[in-house]
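Chemist: Could you have a look at this structure, given as C-alpha cells, before my questions?
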C-alpha cells in the first residue's frame, strides 16, 4: 500500500510539473523544444490523412445506406459483435409493391402487364445494389475503418507519449537553467569590508548545494533527452508508415471503382432489357417524328448497309422504311377496329410510329404477325404503330 501511495504521489507530481510547463508555454513564459520541419510535415500529413479518411468513410456509408436510422442500427450491431440482419433494398421493396399492385389491379390489363415487367426489372436492380453494397463494404469501408480504429489509435498513443516526453525534457531544461543561475549568484565573491565572516560560511555552503543541484539537473536532462529521442524515433517510424497506408487505400479505391462500375453496368443492362420489353428503344432521338435522311452516296446498297450502324432489332418490328411502306399499303380490316383513349403523351421514335397526345381518341386495330405489345393507330389521315401500354381500349 505504501508503494502504491508513493507511486501515486510521484505520478501526481509529474502531472503537475507537466501542466505548469504546458501552461507557461501557452502564455509565452517558458521555452519549448521545437520538432524539426520534416517531423512537423509528417504530423500534418498524418492529421490530414485521418481527417479525410473519416469524411470519406462517413460519406461512403451515406451513399451505400441513405437511411440514418438504418446506419445507427448497423453501428449498434457491429459494436455488440452481432450479425447485421439482412435488409431489403429499396428496389426490391418497390418491386414487391408493383407485383402486388399488378395482382390486385389485374395482371392481364396493359397497366398490370407493365407493372409486372417493371417489378421484375426493379427486383434485379435491387439484387445488383445488394451485391454492390456488400462488395463496397468489404473492399473499401473495412480497410478505412481498420485504419482509424487500429493504426491511427497507435499513432495517437505514441504522439501523446512523445508530448509528455517533450514536456519532461523542457521541465529539466528550465530546472537546469534556474540551478545554474542560482549557482552563479551564490559563487559571487562578497565584499570583505561590508560582510561579516559568518556570511562567508553560508555562501560557501549554498554554493556547494547549488553545485549538487546543477549536477543532478544535468543528469536528469540527459535521461530526459535520451527518452525524448527514443520516443521521437518511434513516432517518426509510425508517421512514415502513412505512405504505406496511402498505397493500401489506393488499392481499395480501385476495387471500389470496379465494384461501382460493375453495379452501374448491370443496372444499364437491366433497364435496356426493360426498355425493349416496353417497346421503347435506346439510341433513338424522340424529339422528332421524322427520321434523318441518309446522305446520298454512289456506293451500292450492300456497302451502305455494311458500314452504317444498325439499331437493335426486336421481334415483330421491321426496319422503318419497310414498316412505313407496309402501313401505307395495308388497309384497315373490315371488322376488328376499336376506339382507344390515349393515357399518356408519346413521341414517335421513327416514321413508322404515330405520335400521341393524352386523352385523345384514336382508332386502333391489329395486323397478322404483329407484336402483341403494338397496334396500328389511325388519326385522320395519319397512321402508325402505337404501344398498347399507352392506350385504354374502349370498344
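Backbone N, Cα and C define each Cβ position, glycine as well.
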Chemist: If you look at how TrEMBL annotates this chain, which of 246-265, 266-285, 286-305 comes out as region 'Disordered'?
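Modeler: Checked against TrEMBL: region 'Disordered' maps to 286-305.
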Chemist: Run through the domain 'SH3' (335-395) and tell me, per DSSP, how many residues are helix, strand and coil.
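Modeler: So the domain 'SH3' (335-395) is made up of 3 helix, 28 strand, 30 coil.
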